[in-house]
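Here is the structure we will look at.
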Amino acid sequence: MLVNGTRVEDLAGTGLTTKQRYVVPLWVTIPLFLGRHLLKGTSALVKWAITYWGLSLPTLVLLIIWQRFNGLVALTALTWWLLLGLVWAYRWPASFDVAVTQPCRGVWRWWTKYRRLWHPAMDGTGLTRMTPDRQVYVPAVTRVRSTRVVDALHLRLLHGQTPADVAARAEGLRHVYGAHRCSVIEDGPGRVRVLFYSKDPLRRLVVPLDPAPLPALDALPVALGEDGEVFRLCLRGRHVLIVGASGAGKGSAVWSTLKALAPAVAAGTVRLRGVDPKGGMELFPGRALFAEYADEDLADLVALLEQAVADMNDRKRRLKAAGVRVFTPSTTDPLEVILIDELAFLTAYAPKDIKLKVAAALQVLLSQGRAVGYSVVAALQDPRKDVLPFRDLFTYRIALRLSEDSHVDMVLGDGALERGAACHLIPASLPGIAYVHVEGAHEPVRIRFSYLSDDDIVDMASHWPSPENTDWTPLPDTDTEPPLRIELRDVINQHKDDGDDA
Ligand SMILES: Nc1ncnc2c1ncn2[C@@H]1O[C@H](COP(=O)(O)OP(=O)(O)OP(=O)(O)O)[C@@H](O)[C@H]1O
């Protein structure tokens with residue numbers, strides 16, 4: 001006689017107890033055991049078939065064809081199916097990647113890398129739950145999508161767990177799987193996506209991305225995300241503050257944005273006003289892009305900002321009279337972008353009367369400009385309140401390398417440092433890397449702006465000048481003497497010759 005699969009006589013005197021108080025004969029135990037496992041296997045198969053429907057559905061169709069006709073017809077259908085797949089991959093690579101490559105790679109990565117350690121990883125980081133009757137529950141992975149640089153595991157949370165609970169364990173999970181970063185994004189109620197970054201694509205220079213002929217103002221391609229995807233900046237209805245220590249790459253954030261906007265500038269649906277208190281060191285090479293521009297004279301800088309306020313008020317009155325509630329950029333009413341480099345100079349270091357005038361103009365632009373198509377984009381080194389008292393009026397902020405960890409929350413908001421925006425740890429050797437907020441992401445996302453050389457900037461400005469600047473001659477003719485270059489090899493040879501002479 002068996003009790004829980006153990007002979008009754010073997011249990012005697014062992015002191016073992018069992019919750020099962022009844023005795024099951026062997027002829028019942030064996031069919032029960034087989035039935036339970038058959039049921040489990042079938043339900044797993046159905047679950048797999050539903051999860052990987054992209055594979056199971058064609059396989060089912062092929063099997064039906066085979067059964068109804070014959071093997072040759074099924075083989076022909078399979079060949080056609082593969083050919084269609086090839087055409088799809090060649091003609092629409094992006095959608096093929098999303099629909100086929102990423103799921104297939106995801107399945108492969110799950111079975112070869114994540115599955116084996118999933119339970120210990122969840123257990124070790126404290127994400128499992130044990131019920132009073134000692135049943136262990138583990139957050140289930142519902143699907144995996146993988147690109148060459150990131151594996152995205154979609155998780156169903158256990159009852160009572162929050163995305164913040166998983167985010168707090170991201171560092172532990174990163175070490176389990178040897179990823180260089182791990183972050184968590186909320187997908188919806190009870191669902192999160194855990195991203196394991198296996199490679200860092202941001203270590204390489206990002207070449208300028210080609211602007212669209214008709215730029216989408218809410219999705220300007222300006223940088224590369226660490227997931228290997230293009231990061232798109234929304235400028236419509238936003239004021240953008242770019243903060244970074246000296247040499248952090250604020251210039252590349254500014255020029256990448258201008259490059260993405262350039263065709264719209266030339267078409268007249270975006271109008272740029274440039275303010276460069278550094279005497280033109282940053283913005284002047286792209287002078288032709290700016291309909292209005294001021295660099296050296298402080299009075300000119302202030303006049304440009306005050307004129308922007310006057311124009312904005314004018315537009316506000318006109319749109320109100322016309323009954324327009326939602327602003328749409330056009331050639332008559334373009335999106336006006338006021339670009340200010342080194343804003344701190346105007347808000348903190350300039351003479352007092354200038355500071356007051358700049359603050360007055362900027363606060364009006366920042367608080368009222370959004371709705372009528374006026375956006376301010378400003379770059380700044382030091383985000384402290386005494387340098388920029390109205391920092392909070394900027395509705396979108398980008399944090400490049402920062403000199404202190406205390407600056408991170410000032411730029412990206414409370415808790416950003418805790419959630420992984422380690423701007424103070426970005427190496428100085430990797431300028432252009434920044435953290436930004438992305439809709440839906442629990443943590444700030446790491447990106448790298450494209451880098452435009454001086455030549456790229458001059459090319460861009462002469463290719464897409466503002467309609468008000470078409471006769472602008474950008475820079476003096478550069479076809480002069482090449483700059484003096486000293487080759488290390490020549491210096492060594494020179495030393496050798498000197499030594500020989502001696
Ligand atoms: N996205 C980038 N990719 C690669 N290199 C970059 C990038 N951005 C900037 N750099 C390099 O870093 C240097 C400093 O960049 P940049 O002048 O834009 O910094 P900054 O933040 O504007 O500094 P400052 O406030 O001192 O003017 C540049 O000369 C360039 O060589």
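Even glycines carry a Cβ here, placed using N, Cα and C.
Looking at 21-39, 344-362, 420-438, the stretch flagged in TrEMBL as transmembrane segment turns out to be 21-39. Sequence-distant contacts of the transmembrane segment (45-65) (same chain, at least 6 residues past either end, Cβ-Cβ under 8 Å): 73-74, 77-78, 81, 99-100, 103, 107, 142-143. Annotation for ALA248 (ATP binding site): spatial neighbours LEU400, ARG401, LEU402, ILE426, PRO431, criterion Cβ-Cβ under 8 Å with sequence separation of six or more. Minimal Cβ crowding within 10 Å, among the binding-site residues GLY244, GLY247, LYS250, is found at GLY247.
By neighbour count, meaning other C-beta atoms within 10 Å, the densest spot among the binding-site residues ALA245, SER246 is ALA245.
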